[in-house]
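Database features, via TrEMBL:
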DOMAIN    50-481  domain 'Major facilitator superfamily (MFS) profile'
TRANSMEM  48-72  transmembrane segment
TRANSMEM  84-107  transmembrane segment
TRANSMEM  114-133  transmembrane segment
TRANSMEM  139-160  transmembrane segment
TRANSMEM  172-197  transmembrane segment
TRANSMEM  203-222  transmembrane segment
TRANSMEM  282-301  transmembrane segment
TRANSMEM  344-364  transmembrane segment
TRANSMEM  376-401  transmembrane segment
TRANSMEM  455-476  transmembrane segment
Amino acid sequence: MGESTRTQLVSAIQLQEKAADLQESSNNEKTFTVEDAVEEIGFGRFHVLLFVIMGSSSIVEAMEIMLLAVVSPEIRCEWKLDDWQVALVSTMVFLGFMLCGVLSGFIADRYGRWKVVFGGFVWSAYFSLLTSFAPSYGWFIFLRSMVGCGVAGVSQGFVLKTEFIPAKHRAVLLPLATIFWMIGSMLIIVLGMLVVPTLGWRWMIRISVTPSVVLIFLFKFIPESARYNVSAGKVDAARQTLQRIARMNRVALPEGRLVEPVVRNRGSWRILLSSSFRRTSLLLWYSWFVASFAYYGSVLSSSELLEKNLLCVTNADQDHQVKHRHQGGVCYCIPFGYGDYQTLLISCLGEVALVPLNIALLNVFGRKMSLTVLQLLAAVFFMMLNICSTMFGFTVLLFLLRSLVAMNFNVVYIYTAEVYPTIARSLGMGFCTSFSRIGGMIAPFIAQVLMSQSVVLALSPFAMACVICALGNFLLPIETRGRALLQNS
């Protein structure tokens, strides 16, 4: 009996020693997170590919939105539309965007970013093509609202792109993506200039679908977000993605095992309104509202001022002396002239002309102060559009205004993607873009309806909204400059 007890004690001691060895081995095992891997991989060939393909999604989004400004004179003429009916077209597009913005964010956090962005490409291209066959005004606004729903999914590409970019490169690469938005805006204006006078607006829309079709095939080269995969418990898939990126960039992953906790409450709206993010979310929703309100206000106001010849121009040519409203009634058919397209093209260049300034503001002053400065300047330039000047003077003012509102939109995009954790980043972006589309829904009724009554009254709401938002930015509790992306709350 004594011998048996001694043997059991020896076995127990040996088991304890083995367990201690295993525990020590486990403690000494090297591990790394997705954030560690992204920073270690750095910037390379993969990021160039990512920048080009995901940046090109901005071309699609810009073409679908800017199409409204180019096609408005044509549908007004074809269907004899009043001002409010033309404004309703833009509003319905943004309504579709708003309703699908939150839904696309929820799906992206639950089931992956890649699926949502790819589905958005297919959806928007399909319904945009159908728009060119619209037999009536009612069908046109319905199909454009479906296009807006697809564009909401495409906008989640910004989250997918942000999650692969190292922290020190985000303040440079993300503002540079504005170039693609400018290209999309200019493409649709050039199409309008070349195609509308000869083949009509329907063929312009059909040709504008081409970039979406091309991107559908190119998108297979972009992987699912590694940050999403680890949050969903798909650690092996995340590691394979990171290894693929490391090989393309010709570097090695950090030594050890990829470790991230599995998160169960992905895509929960409660995170956005938790004590950590409540104030940030509420202020960001208003900032996005103003960003969209001001941006599309500047775009639609410029096209409306040019189409209806409402500018106070000291050297107006004969084309700009034809008025929308006159004693004999309403003139529905005032097409854009070559000079009008040229003015819109130059104003689009303004969206990238000050990108170096945008990058400097982000790196020197941070995200919060950049938003404040840009919104205050935008308010000033909105009111300066009332000044009587030459066409050249108006073009310069419009150029600078478009620069400021585009930079503001860019900064609020970056701040939102950086401030929310991975488990709610897409949902947070979805909520924000939905609030922004409320601004986009209201802007046409001010820029296209109120503008006919008074230019000053139409531009004042845009300026006031920018001033109020600039003051509110001081209350944002978090500055994200140089900060790593959070994985959970």
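Along the chain as shown, residues are numbered 1 onward.
Using N, Cα and C of the backbone, Cβ positions are placed for all residues, glycine too.
All TrEMBL annotations are machine predictions without curation.
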Residues of the same chain, at least six outside the transmembrane segment (139-160), with any C-beta under 8 angstroms of its C-beta?
54, 57, 60-61, 64-65, 68, 75, 88-89, 92-101, 103-105, 108, 113-114, 116-117, 119-128, 130-131, 222, 225, 413, 417, 425-426, 429-430, 433-434, 437
Cβ-Cβ under 8 Å with the transmembrane segment (172-197): same-chain residues at least 6 beyond its ends:
43, 47, 51, 54-63, 66-67, 70-71, 74, 161-162, 165, 203-204, 207-208, 211, 335-336, 338, 341, 344-345, 348-349, 351-352, 355, 358-359, 362-363, 406-407, 410, 413-414, 417
Among 84-107, 203-222, 344-364, 376-401, which stretch has the most Cβ pairs under 8 Å to the transmembrane segment (282-301)?
376-401
